[in-house]
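What TrEMBL says about this protein:
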DOMAIN    92-115  domain 'Glucose-methanol-choline oxidoreductase N-terminal'
BINDING   Val233, Trp505, His506  FAD binding site
DOMAIN    268-282  domain 'Glucose-methanol-choline oxidoreductase N-terminal'
Amino acid sequence: MSEPVVTDFIIVGGGSAGCVLASRLSEDSGTRVLLIEAGRDLTEETMPRDLRSGFPGRAYLNREYLWPGLSATLTSRGANAPSRDAGFYEQARILGGGSSINGIGANRGSPADYDEWRDMGLEGWSWDEVLPFFKKLERDLDFDNAYHGKDGPLPIRRLGPAIWTPFTHAMMTSFVLRGIPFRADQNGKWEDGVFEMALNVDEKRERVPTSLAYLSADVRRRPNLEVRTGLTVERIILEGSRAVGVTVRGEDGVVSELRGGDVIVSSGALASPALLMRSGIGPAPHLADCGIEVRQDLPGVGQNLMEHPSAGVMAFLKPHARQPRDAYYHIPIAIRYSSEVEGCPTGDIHMNVMTRASWHQIGRQFAPLFFWINKSHSRGQLMLDPDAPDGPPRIDFRMLSDPRDLQRLADAFEYAMELFADPVVADTIEEIFPVEMSERARGYTYPTQRNAIITDLLSRALDTGSAVRKWALPRMMEGAPSPHRLAANREALEAYLKEKVGGVWHPSGTCRMGVSGDRMAVTDHNGRVRGVDGLRVCDASVMPTIPCANTNVPVIMVAEKIAQGIRDSRVG
């Protein structure tokens with residue numbers, strides 16, 4: 001069934017970028033916009049409590065909001081050994097995308113991140129040129145200076161020392177005694193230091209995803225904007241070398257075609273390249289292996305896959321050092337510092353000082369130091385499954401394949417152990433463990449009433465004494481090795497990290513921008529897909545290198561900038 005759509009733009013994916021595009025493009029009353037999202041709708045009236053909460057620990061574990069069946073291999077063991085088994089990889093499937101379920105961190109990255117894009121030949125992407133779009137997107141509730149915007153759709157604020165626990169204060173004291181300066185504004189001048197986390201929450205300390213910030217009730221009443229949810233886009237329809245529409249499948253299984261207008265793919269760094277390849281746009285040999293007709297040979301589609309490799313250690317907190325039983329935001333402070341490893345930029349390591357490991361009462365008893373490589377050098381790839389090209393793609397991040405990433409992650413592990421050993425901090429904690437869980441313990445992380453009751457009872461047992469913890473915690477931690485032994489044995493530590501490295505759900509780079517003549521570039525500096533008229537990509541996949549930031553705000557910036565470029569070209 002083919003349905004003509006009277007529209008100028010079909011936006012595929014209502015995530016962090018798609019909602020921005022729909023809002024900004026429809027500001028011009030003569031521009032008709034259709035936004036398509038596979039997941040459920042999300043409005044001010046329908047936003048569930050777990051999404052609205054300023055504590056995100058329930059939202060990003062609730063599989064009702066996630067793509068089912070998506071798995072990824074995080075690290076490869078080398079040419080002569082099999083890759084680690086693929087595990088479930090969380091990606092949002094709801095209007096607002098990652099901004100609806102993420103950890104609500106709202107930071108931008110280093111000016112050098114964007115100057116690097118400029119130096120790659122990408123016109124208009126230097127720090128000085130993207131800063132106006134960072135300012136345009138935000139309504140900063142704390143700062144009013146040259147770095148910040150006050151009138152944008154997205155509220156950003158810090159929660160202040162009122163939410164700090166005795167553990168937080170102890171960590172802050174340790175940093176001060178080490179000569180690490182406090183920086184009041186994480187999004188101010190790029191410098192090493194400790195800071196309060198900048199958060200995407202409003203005056204009520206509640207999350208505001210792009211589905212609310214950009215698609216307000218007034219915006220959704222625009223006659224030239226239509227938002228359709230519960231539709232999964234399966235193919236981009238091409239006539240010759242031009243995109244003319246999309247094939248969609250409804251929740252009832254009915255397949256139809258929506259034709260009319262240019263197509264902008266904003267489905268995220270995993271779904272966007274997969275959609276291009278299913279539509280015949282990608283590496284020709286791989287498409288042929290999958291039985292897909294090659295419409296445009298672009299070898300860079302699905303390549304250059306990036307993430308922020310992560311690890312952590314956590315301590316069992318003494319009762320006086322914990323959060324109250326009600327769940328508050330769990331990352332009051334963080335530290336940014338420079339590894340000084342050759343070839344790595346300043347501020348290339350990020351460490352969250354967390355006051356809660358999970359939403360339940362056992363989570364309240366643990367304080368993780370969660371750290372990641374802010375600027376990773378390892379690159380992976382995403383390919384379709386030749387046996388089932390319409391199914392979930394094969395995702396291989398190849399984390400730590402660059403030795404600089406492994407070196408820095410191991411250094412950060414050792415530094416975290418030094419921090420826990422500081423006498424000021426040691427007075428607030430008991431046992432220390434790597435951040436990992438047994439399969440049984442992992443089952444309790446899903447936010448259900450049953451799990452809440454069970455974990456409340458178990459948490460009370462853990463507080464009865466060290467003997468109980470000595471028996472129970474190793475079973476919860478999957479027989480994890482002693483972090484003290486790992487910190488004292490570099491070879492063992494690196495082997496452990498190769499096996500247990502995690503990510504931060506920041507996939508990027510798989511449809512990267514590049515200059516003419518760059519064979520691996522998929523898009524140009526305006527997000528236009530090379531060799532295909534009427535088709536753009538706008539999401540984290542266009543980033544040529546990963547920024548030193550949680551990627552949500554940079555993605556919103558990218559969408560603001562590409563939307564403005566489209567509007568300017570239509571006026572011209």
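The count begins at 1 with the first shown residue.
Glycine residues also receive a Cβ, built from the backbone N, Cα and C atoms like all the rest.
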Legend entry - the domain 'Glucose-methanol-choline oxidoreductase N-terminal' (268-282) [mean pLDDT, rounded to integer]: 99
Legend entry - Cβ neighbours of Trp505 (FAD binding site) where a neighbour is any other Cβ within 10 Å: 20
Inset, instruction - May I ask which residues of the same chain, at least 6 positions away in sequence, place their Cβ under 8 angstroms from the Cβ of Val233 (FAD binding site)? - result: Val12, Gly13, Ile36, Ala38, Val246, Thr247, Val248, Ser267, Leu275
Legend entry - Set of same-chain residues at least 6 away whose C-beta sits under 8 angstroms from His506 (FAD binding site): Met306, Glu307, His308, Ala540, Ile546, Asn550, Thr551
Inset, instruction - Among Val233, Trp505, His506, the annotated FAD contacts, find the widest CA pair distance and round it to a whole Å. - result: 22
Inset, instruction - Could you check what DSSP calls Val233 (FAD binding site) once collapsed to helix, strand or coil? - result: strand
Inset, instruction - By DSSP assignment, list the helix, strand and coil residue numbers for the domain 'Glucose-methanol-choline oxidoreductase N-terminal' (92-115), in that order. - result: 9 helix, 3 strand, 12 coil
Inset, instruction - Using DSSP, break the domain 'Glucose-methanol-choline oxidoreductase N-terminal' (268-282) down into helix, strand and coil residues and give each count. - result: 11 helix, 2 strand, 2 coil
